[in-house]
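A quick write-up on the structure given underneath.
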């Protein structure tokens, strides 16, 4: 909805409110947010070091895991330090260029993470259902091509959003009711016609979330069917445990993001802090849990870490 304030096309600085309505609890909210960020830094950095140091882990599964760790580090670091600055020091100001850069990184790397999760599900399908063809299909050039494809998809999908907002006239006061530069929150400052950005954002988010989650669910359904038909009860139990943990962390990635997006558009009567917290958790929880679910619970990673420590 357009603001009634005068249009200002040369805004150089915006102000993030943090979590609207819960500013008095910012110091308390910052504690779990800070812990999750530290876990993200420690877990993903350790994962990258272990995989790099151990040649036995230089196979497709762990190359995809390395991509996921890098994406999680970039995505978390693009928002959490500024968020903690708001919570601890009331450092709400952010330049327009920095805001647009943060927005681009957050949304582009979210799309990249979704693509890598699809690649990891396909990797597990090939390893379990087509083991004899696994290494002949997922060669290093193919893995690199998949990684490049996820990057290009993110750039192609997210660049129009950022360019469109950059071209739109903005209204004063330049207050963003969010804890980071989320696309829809910034778009509310636009005085011009934002219909394209609105529709395009909804279309891309729906496509990425639904299409990628469908491919992931299909991969794991085929894995479960193969295991149930061929393996022992012990193998079935192990596969159910592994697939269940993977699907849970993927649900934590997709569901809060899609809920936050649709609530922002169609349920304006909901408290703003609910929408903001959902958007925050969508970006903070998966990066903290990914190295635990995909890394520590994987025997090869544990063995690689022990070998690295012993050396």
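Even glycines carry a Cβ here, placed using N, Cα and C.
Positions annotated as domain 'G-protein coupled receptors family 1 profile' by TrEMBL: 43-294. The predicted model assigns the domain 'G-protein coupled receptors family 1 profile' (43-294) a mean pLDDT of 85.
Taken from TrEMBL, the feature transmembrane segment covers 28-50 (among others).
Look at TrEMBL and you will find 62-84 (among others) tagged as transmembrane segment.
Beyond the ends of the transmembrane segment (104-122), by six or more residues, the same chain brings 61, 64-65, 67-68, 71-72, 74-75, 78-79, 146-147, 149-151, 153-155, 157-159, 161-162, 180-183, 204, 208-209, 212, 215-216, 219-220, 246, 250, 253-254, 257, 283, 286, 294 to within a C-beta distance below 8 angstroms of the stretch. Taken from TrEMBL, the feature transmembrane segment covers 104-122 (among others).
Residues annotated as transmembrane segment in TrEMBL: 134-156 (among others). For the transmembrane segment (134-156), the list of distant contacts is 59-60, 63-64, 67, 108-109, 111-112, 115-116, 119, 123, 126-127: same-chain residues at least six beyond its ends, Cβ to Cβ under 8 Å.
Among the features that TrEMBL reports, transmembrane segment is placed at 207-228 (among others). Tertiary proximity for the transmembrane segment (207-228) is limited to same-chain residues at least six positions away from its ends with a CB under 8 Å from its CB atoms, namely 111, 114-115, 117-118, 121-122, 124-125, 128-129, 157, 235-236, 239-240, 243, 246-247, 250, 254, 257-258.
The transmembrane segment annotation in TrEMBL covers 240-262 (among others).
The transmembrane segment annotation in TrEMBL covers 274-294 (among others). Long-range contacts of the transmembrane segment (274-294) within the same chain, counting only residues at least 6 positions beyond its ends with a Cβ under 8 Å from a Cβ of the stretch, are 19-20, 33, 36-37, 39-40, 43-44, 46-47, 65, 68-69, 72-73, 75-76, 79-80, 83, 106, 110, 113, 120, 177-180, 182, 245-246, 248-249, 252-253, 256-257, 259-260, 263-264.
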